[in-house]
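*Asks:* Heads up, here are the entries from Swiss-Prot:
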- 35, 143: substrate binding site (BINDING)
- 89, 90, 143, 174, 203, 204, 205, 214: pyridoxal 5'-phosphate binding site (BINDING)
- 206: N6-(pyridoxal phosphate)lysine (MOD_RES)
């Protein structure tokens, strides 16, 4: 498989000290090694991860793609040295892949005549490329075309990827800003359900409004916990050599929201039936009572008014004032 031949990375003296301290059961031990802030009990927080997934924090989504590409190029010797990307696409993929020593190959993703995915081209690329190729797949809100796969298309894409032995490399930059938090990662979860190896790059810049905090994550899904441990050790080396560790503040904000039911509900709370009625009565904006809106109803001429109206209703409820401008 793709990652089974990955070996452990070279040891770092700081982590040797940490490993020795962690294995010492003497209650009087004092850890003066790794520079992490701890409480009076000597405890520090580490995010839980599933055993077969090697997860590391990265410097936003760009950092996740960079570290993921470096890992494939340096350590995953069973992965071919080229990556397939549908075009038009995000302009930073090519320099990131080139920097890692990987070649970017392209196929057509978008039909400008219809504004939809060129699905025949996508399937042709998957079916004709060498077995074991890597495909960068944007999970939702395709940049720059906004042409996403439907669920039915995802079913076919994932089945074809599995059949032809390819590695999915997901770029998840807009989760929750497309169809919904769960819907936007349908392709990722489908691969997980099939037990496929994959790389998943996550950004929390846009969906959490944390651009300046550069918060992201890289997940490498492996075939076993032993493989995942070796993969994570290689990721540790890459991060240590390049920027040592990621900033904690943004990650703590994300963790706070996702671990607090009330905070998460506030982030995901849709427009209520009453708020939709208020939009209609006060602002002549019409939406179905469940709060879903059709983006195609917005234009350059009305988007500012609509945004101000929705903001007024959400902030002020039934006392919303008519937006200006």
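Each Cβ is built from the backbone N, Cα and C atoms, and glycine gets one as well.
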*Asks:* Would you mind ranking the recorded positions 206, 214 by how many other Cβ atoms sit within 10 Å of each Cβ and giving me the lowest?
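*Replies:* Each of the recorded positions 206, 214 was scored; lowest Cβ tally within 10 Å is 206.
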*Asks:* Give the distance between the Cα atoms of residue 89 (pyridoxal 5'-phosphate binding site) and residue 143 (substrate binding site), rounded to the nearest whole Å.
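*Replies:* Cα-Cα, rounded: 6 Å.
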*Asks:* Using a Cβ-Cβ cut-off under 8 angstroms and a sequence gap of six or more, which residues of the chain neighbour residue 90 (pyridoxal 5'-phosphate binding site)?
*Replies:* 138, 143, 144, 171
*Asks:* Let me know the most crowded of the binding-site residues, choosing from 174, 203, 205 and counting other Cβ atoms within 10 Å.
*Replies:* 203
*Asks:* Only counting partners 6 or more residues apart, tell me which same-chain residues put their Cβ under 8 Å from the Cβ of residue 204 (pyridoxal 5'-phosphate binding site).
*Replies:* 60, 210, 215, 216, 217, 250, 254
*Asks:* Neighbour count first, Cβ atoms within 10 Å, every protein chain included; then name which of 89, 143 tops the list of binding-site residues.
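*Replies:* Comparing the binding-site residues 89, 143, the most crowded Cβ belongs to 89.
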